[in-house]
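Q: Structure below; questions to follow.
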Number of protein chains: 4
Amino acid sequence: MTGNSFGQQFRITTAGESHGPANLVIIDGCPPGVALSESDIQPDLDRRRPGQSKITTQRREPDTARILSGVFEGKTTGTAIAIIVENTDQRSRDYGDIMEKYRPGHADYTYDAKYGFRDYRGGGRASARETVARVAAGAVARKLLAGYGIEVIGFVTQVGDVTASIPDPLAVTQSAVEANIARCPDETAAQAMIELIDRMRKAQDSIGGVAAIVAKHVPPGLGEPVFGKLKADLAHGLMSIPAVTAFEYGAGFDVAQARGSENNDRFTMQDGQVTTVGNRHGGMLGGISSGLPIVLRVAVKPTSSLSKPQDTIDRAGHAVSISTRGRHDPCLLPRFVPIGEAMVLVTLADHLLRWRAQCPDQYAAWRNGAQRAHFATPGDRTNPE
Amino acid sequence: MTGNSFGQQFRITTAGESHGPANLVIIDGCPPGVALSESDIQPDLDRRRPGQSKITTQRREPDTARILSGVFEGKTTGTAIAIIVENTDQRSRDYGDIMEKYRPGHADYTYDAKYGFRDYRGGGRASARETVARVAAGAVARKLLAGYGIEVIGFVTQVGDVTASIPDPLAVTQSAVEANIARCPDETAAQAMIELIDRMRKAQDSIGGVAAIVAKHVPPGLGEPVFGKLKADLAHGLMSIPAVTAFEYGAGFDVAQARGSENNDRFTMQDGQVTTVGNRHGGMLGGISSGLPIVLRVAVKPTSSLSKPQDTIDRAGHAVSISTRGRHDPCLLPRFVPIGEAMVLVTLADHLLRWRAQCPDQYAAWRNGAQRAHFATPGDRTNPE
Amino acid sequence: MTGNSFGQQFRITTAGESHGPANLVIIDGCPPGVALSESDIQPDLDRRRPGQSKITTQRREPDTARILSGVFEGKTTGTAIAIIVENTDQRSRDYGDIMEKYRPGHADYTYDAKYGFRDYRGGGRASARETVARVAAGAVARKLLAGYGIEVIGFVTQVGDVTASIPDPLAVTQSAVEANIARCPDETAAQAMIELIDRMRKAQDSIGGVAAIVAKHVPPGLGEPVFGKLKADLAHGLMSIPAVTAFEYGAGFDVAQARGSENNDRFTMQDGQVTTVGNRHGGMLGGISSGLPIVLRVAVKPTSSLSKPQDTIDRAGHAVSISTRGRHDPCLLPRFVPIGEAMVLVTLADHLLRWRAQCPDQYAAWRNGAQRAHFATPGDRTNPE
Amino acid sequence: MTGNSFGQQFRITTAGESHGPANLVIIDGCPPGVALSESDIQPDLDRRRPGQSKITTQRREPDTARILSGVFEGKTTGTAIAIIVENTDQRSRDYGDIMEKYRPGHADYTYDAKYGFRDYRGGGRASARETVARVAAGAVARKLLAGYGIEVIGFVTQVGDVTASIPDPLAVTQSAVEANIARCPDETAAQAMIELIDRMRKAQDSIGGVAAIVAKHVPPGLGEPVFGKLKADLAHGLMSIPAVTAFEYGAGFDVAQARGSENNDRFTMQDGQVTTVGNRHGGMLGGISSGLPIVLRVAVKPTSSLSKPQDTIDRAGHAVSISTRGRHDPCLLPRFVPIGEAMVLVTLADHLLRWRAQCPDQYAAWRNGAQRAHFATPGDRTNPE
């Protein structure tokens, strides 16, 4: 898999820099006949858009998606879908500082080390601006998966020392998430998060956090043995997002302290369906989906760009000070939610297609019984915190 | 990338089941001229081998590697390397229980859901037995990378509630790791771990833990933008290992509570080389190696197989009890170390080759200056705990 | 796609050298539930086997396939299938000549140029011995495709100046092909071919030829736009076989002299099915199968190894003479037939799976109507000569 | 490899339809530091452009390339390069005919069979319009390869029954090719071709032909064993172009009549370099480049679209007549030349990068000695006709 592509059967390839003319994605392998227009893509782009609230960067980008191919008369044709998002707010400005200095926590030095030089305008390809293309692709996957009842919802569970209380993560709805600008369904925690983020902004500093993502109504059977495990591809997708430093699913790091007799979710039947009591396994066993909700969490580091002066060096190795002027998110978490969802959506779409390529009979059996209620009671739920 | 393959330019493909005749790996893209024989592979296989100590499973496998192709007169030829490890201790026995019952925490049910049926003998392809092929491939990558001075060392940092104290993880040597059967370089903690594991064994239970892996002398510049980030491929490789439920690098989940001004490692010069003060970034910035040590950690769940009876269901959905007889590791961590190292080694080998494919000048510059001492002082180190 | 792998969803990876211990293949993505045993593989290996007749090399290899994984209780499990064929007749001998000299027409020099040195024993990885692994994989694909009524038959149409007369290539049966050792269904031509080949052998020379391959009952819809066209993947697969120097399908090179009004096959209906009058398009339009028989032809060069002395140079650049002693096919065509079929089979299996991944509804419609007789009359047929 | 991507280390992914807003390509893996601007791309686009002469389609497209990413201050950065070519002349018109009828020789029916429906406007993704993206990518590869002295030149050798006489194909220059609108370096034949094409146009018919492509100064050592052979990837690339029905290299189909003693090119030394007497092997042995010029030929069928009425059926299966109005090339060959070159260029760029990934020492040795004159005399040349 080359650096700018992800997926095998539902495969995305992106391009674009922070201050270039556009970001774009080509989606290969999307099934034909999916109703799709720009209006399916725009809502997720809007959720990711800079300038959406007082706690995000004030860069102004309309982030308008334009479909260039692969859709005809309102439906996907099965051929390559290209979506472009033009950059409009690339201010002409003096890049002198970041041109010569290595911003701490950024990819400036590593790009120089790798390639010998770099596009220093706004971080170039290393900027989180590239995630606009992921979100566009994720919206297409979301539309596809919705046809199968599969739903993916992310939300913020921690910012700094503010931790949300979410008694039933599987009950979190997207409207609850969108009810506040922190994208945290615990209203009280959300307000504390917003306040903390605002404090960071004023202090010319930034703050990290944690987001959870839940995927519901995933059929049992997605994922492949060994390297193609669903947990491995999800980890790959999420860890490829800028600023993500940790990934866990189900009980995650807590398994270290658990005994097998505590950690194993025992199988049982419910409404004629196989399920488990508890979901410490986060919806995946042997790397293959069990039909229970997939529950995962990632850590997102505090924004590296700070208005506050930081010590560093320049390309010549001289000690210098740098302060990154202007428009940065004091906390990445609120805008991270649709980005993280996008990678989960794309990964699930890929594995759904791979599954039916190899196992058409099992796929058909699931389709025929898909209406049956899985995992309906509180007993099946895991608290991702 | 199909389920049984990993990597792009240095690419491994494996096959084999727990109770089949053999496990094997084909390595594609290994450079020619690397001195290689079975004796380079055997030490890592021995570190992974079952029955190596009183705290591991007592399954008896010599795990002898045999090279079937790709090596001539003691050197790799550049063509596909095949390595086979025959299974010898597949006891003929009564599989009745696991044939019909779904073991909690295992892939029995998910394989049935995916494929319609499964090879139930010892877990088939879902058994951790497949990791013998990863370790064989990792040993080849280790030999290749040693020629560049790149070194990968893993060790156990936690078992249950026993946490090791490792003041300087970068100073951990492989001999310190191998000094005890827990593979924990903190001798005191190691003894407590061994005692805990033994207690679990006697209780017919199992226990989880955490391992750290450090890669030293990695050139700055490995990894690709967007989906091909080194952190993403490392996460993919490690999360693809059975029983791994969480991954983090550098400060990992701790970034959630950090401010940018605390979390950013500032750049500085040392002996004419770019380095950073501190290594909260775990050796990767923008997903590309910085030249500082790569430091990562993974959580490994407690063994799912328990001698203790557990409630579950059978294929017909009836409630039953299961107790998995016999030979299981009460804790996976000690044997996990070489497996985790293998995935890091293979990932680094792949990215080293990809780097010189695209950036031969930067690669050559590094080769010419590789002798220079990087990152030598305590100030550059991060404690992975 | 790395050098030793082929296919995307049904993917094969091979390893092994001419005089190493074994050749082997790992098949990834094969559907579960396909009845498979060594006895399904052996017949194709026997058709490829050296020493099968007086006009082939007299190297003695039983070429016995052994399945190492992926099959349980007589059925594929969906996990990686590994098949090994051990080499038994690697005579210990003096390799002095080919060790130092570059055989004309062989890969000795190009491997040296690529890798710096080479495994010179019998040609190493460049030997056609590697095709035993392709044929094993092809036999698995054949078993899979037989379940869908898809059939692939190859035969020899030309050896030197002897050209077969095959009025109706679609009527050629495998038993007609196997009726003589030339694998040419025109008995008269076959005898002339055998005589010519025998004359070449006595003259210490060799002779080239042409083979045709026909695939019947392929559903319309296989192949993907642009680079994934079925014609492109078939060309890739066949041109990857040693000694193949040319590929054409349908009217092939004859299109150069044709007008559009002659070359276009007009569409018509037959028994309620879409078909065409004539099949100059060789069963593919826009690179996607049309449902008509796929008809292709490849040229195979005369064996490069000759007992007759040839002028060449050695590694030091000195002019020398070389005569390759011993066991070579004076004509590759008879043994080529199962090898060429194997690549067509693997390619079709891959695209069948890719099609149902993306287009499950179209796939299901075909399955439901697959019994209907397609392309039944002579008018639909193309003479591949 | 998914349908819309080609290559491994230098990898292209395209999207776009004939009558959609744009065609585009993303190039992944291009080395950094290559001087590149739109003016490097435009000349090849102009050679492919419709309406360039009286014997091509009169569709008016400026085909202006715009680089959207991956280039900074006039040089490639090593990150994904995106190039877009907007479509301007998508006339609003009545598509009624091709909407309902299956054009003979076109992909209308096979797309319907595959996907269930299709974008019928101008052929959608199946239109040769997509090749504009290939040519843009090829121009980038050309710029890259020029830095190594590698040169790729294509030309028309046959149209209908007019065959060019080209005594020394290796002496053909691009200016000789561009000297006439047939792109045939034999001026006399070129005039006959132009006249024939014009006659076809007036007869509302079309005509096929053959093109040759020569790659010079390719280092020995490109290509990989087994499935990654250079000949296989070249065949894949060229056979993926619309209307190409046959591929051969070196002696091609002529090997069928040759004896080994005639067909083998014997090795010899020239100016201290290994070379061969004659080049029937077309610059590849064992699928790996020998350093001699790569010489290949492909057949291109007559344009399927005809103004002349043709019998066919509609989607309902009714017999109808169709005449495709308007702007088609009566012969595809003149505009094919830059398209075929593009696929050769991209394939060589990919393998050059793959070679230095795996064999940096052999690559460095070639770089250091690349000035030495290879293959200078007439004796080394092959006539591709």
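Note: Cβ is positioned from N, Cα and C throughout, glycine not excepted.
Sharing the feature lines straight out of TrEMBL:
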REGION    C:38-61  region 'Disordered'
BINDING   C:R48, C:K54  NADP(+) binding site
BINDING   C:R125, C:A126, C:S127, C:G286, C:K301, C:P302, C:T303, C:S304, C:S305, C:R327  FMN binding site
Q: List the Cα distance (Å, whole number) between C:S305 (FMN binding site) and C:R48 (NADP(+) binding site).
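A: Taking the Cα atoms only, C:S305 (FMN binding site) lies 19 Å from C:R48 (NADP(+) binding site).
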Q: Are there residues at least six beyond either end of the region 'Disordered' (C:38-61) with Cβ under 8 Å to its Cβ atoms? List them, or say none.
A: 67, 83, 85, 87-89, 131-132, 135-136, 138-140, 142-143, 178, 181-182, 194, 197-198, 201, 327-331, 334-335, 337-339, 341-342
Q: Residues with Cβ closer than 8 Å to the Cβ of C:K54 (NADP(+) binding site), same chain and 6+ apart in sequence?
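A: For C:K54 (NADP(+) binding site), the qualifying residues are C:I181, C:D198.
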Q: What does DSSP say about C:S305 (FMN binding site): helix, strand or coil?
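A: Coil, per DSSP.
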Q: DSSP says what for the region 'Disordered' (C:38-61): how many helix, strand, coil residues?
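A: Once the DSSP states are binned, the region 'Disordered' (C:38-61) shows 11 helix, 0 strand, 13 coil.
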Q: Would you mind ranking the binding-site residues C:S127, C:T303, C:S305 by how many other Cβ atoms sit within 10 Å of each Cβ and giving me the lowest?
A: C:S127
Q: Using a 10 Å cut-off, grab the number of neighbouring Cβ atoms around the Cβ of C:R48 (NADP(+) binding site), all chains included.
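A: By my count, 26.
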Q: Assuming the binding residues for FMN are exactly those in the record, C:R125, C:A126, C:S127, C:G286, C:K301, C:P302, C:T303, C:S304, C:S305, C:R327, what is the maximum CA-CA distance in angstrom, rounded?
A: 44
Q: So, three-state DSSP: helix, strand or coil for C:R125 (FMN binding site)?
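A: DSSP assigns C:R125 (FMN binding site) to helix.
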Q: Comparing the binding-site residues C:R125, C:K301, which residue's C-beta has the most other C-beta atoms within 10 angstroms in this structure?
A: C:R125
Q: Which binding-site residues (C:K54, C:S127, C:K301, C:T303, C:S305) come close to chain B, taking a Cβ gap under 8 Å as close?
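A: Correct list: none.
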Q: Cα distance, C:T303 (FMN binding site) to C:R48 (NADP(+) binding site), nearest Å?
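A: About 16 Å separates the two Cα atoms.
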